[in-house]
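Q: Submitted below is the structure of interest, expressed as structure tokens.
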Amino acid sequence: MASRRLSSLLPYLRCQQRSQFPYTSPHRLASTRAANTSEAGRNPKPRPLTEKEREFLQSAIRVNQAGELGANLIYEGQYAILKRDPRLKPLIRHMWDQEVHHLKTFNKLVAKHRIRPTALRPLWNVAGYALGVGTALLGEKAAMACTEAIETEIGGHYNDQLRTLLDMLKDDQDLLQNGELKELMDTIREFRDDELEHLDTAVEHDSQGAEGYDILFNAIRGGCKAAIWLSQRI
């Protein structure tokens with residue numbers, strides 16, 4: 001089964017240095033304030049979320065935080081075993097670094113919106129790390145089969161959330177362009193692309209050549225699906 005690379009490289013933008021305290025004339029300051037006022041008028045603060053929208057926001061952030069926690073621990077476990085391989089060490093480290101960024105982002109969103117994290121977090125701590133270590137001990141291909149299974153499920157989960165959000169807001173351009181749900185959509189799109197990049201990496205490193213691939217892939221993907229379902233509710 002081949003997967004398409006959906007992620008793209010963002011160009012690196014260089015910022016020119018400016019003096020720390022540039023002089024601004026009173027006339028220019030007044031003009032800037034007028035421009036900011038005009039811009040604010042064109043982009044008014046979006047309306048408050050409905051109860052249904054708020055519930056989706058909270059549920060999505062809670063389960064995504066749990067998923068990224070699990071992914072972090074899986075890669076941490078794999079790295080603990082495979083870091084001795086000079087070829088695999090930077091590969092696993094790169095994917096792990098992206099998951100660290102994902103988790104930090106959802107941790108901030110949980111705090112920002114005062115969302116209760118899943119009560120199953122202690123279980124995911126143990127299960128994620130054990131899965132990472134266990135598959136890495138089975139060899140490179142088994143570790144990559146684990147990555148393929150996890151990222152297939154998480155990528156699909158993120159796509160489902162995007163479809164739900166777009167359907168929910170299809171008649172509300174205000175929330176599609178501004179506010180909390182727009183921020184969530186942008187975050188999910190970015191992280192979805194990262195997860196699919198990891199999936200492609202796993203396939204490129206012969207994940208499907210792992211011994212007992214079908215059993216391993218389906219068991220891990222099924223466990224991931226169950227973890228998502230439980231984290232949304234507990």
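Cβ atoms here come from the backbone N, Cα and C positions, even for glycine.
Because TrEMBL annotations are produced automatically, they should be read as predictions rather than curated entries.
Just lifted these from TrEMBL, have a look:
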{"type": "BINDING", "residues": "Glu68, Glu99, His102, Glu195", "note": "Fe cation 1 binding site"}
{"type": "BINDING", "residues": "Glu99, Glu151, Glu195, His198", "note": "Fe cation 2 binding site"}
{"type": "REGION", "residues": "24-50", "note": "region 'Disordered'"}
Q: Quick one: give me the count of other CB atoms within 10 A of the CB of His198 (Fe cation 2 binding site).
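A: Within a 10 Å radius of the Cβ of His198 (Fe cation 2 binding site) lie 26 other Cβ atoms.
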Q: What's the CA-CA gap between His102 (Fe cation 1 binding site) and His198 (Fe cation 2 binding site) in angstrom, rounded?
A: 13
Q: Applying the rule Cβ within 8 Å of the centroid of the Cβ atoms of Glu99, Glu151, Glu195, His198, what extra residues of the same chain belong around the Fe cation 2 site?
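A: The surrounding set, listed in chain order, is Ala71, Met95, Gln98, Thr147, Ile150, Ile154, Gly155, Asp194, Leu196, Glu197, Leu199.
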Q: Rounded to the nearest Å, what's the C-alpha distance separating His198 (Fe cation 2 binding site) and Glu99 (Fe cation 1 binding site)? Just drop the number here, would you?
A: 10
Q: Determine the most Cβ-crowded residue among the binding-site residues Glu68, Glu99, Glu151, Glu195, using a 10 Å radius around each Cβ and all protein chains in the structure.
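A: The residue with the most neighbouring Cβ atoms within 10 Å is Glu195.
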Q: An 8 Å radius from the center of the Glu68, Glu99, His102, Glu195 Cβ atoms defines the neighbourhood of the Fe cation 1 site; name the other residues of that chain inside it, in order.
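A: Surrounding the site, in chain order, are Gly67, Ala71, Asn72, Gln98, His101, Leu103, Ile154, Phe191, Asp194.
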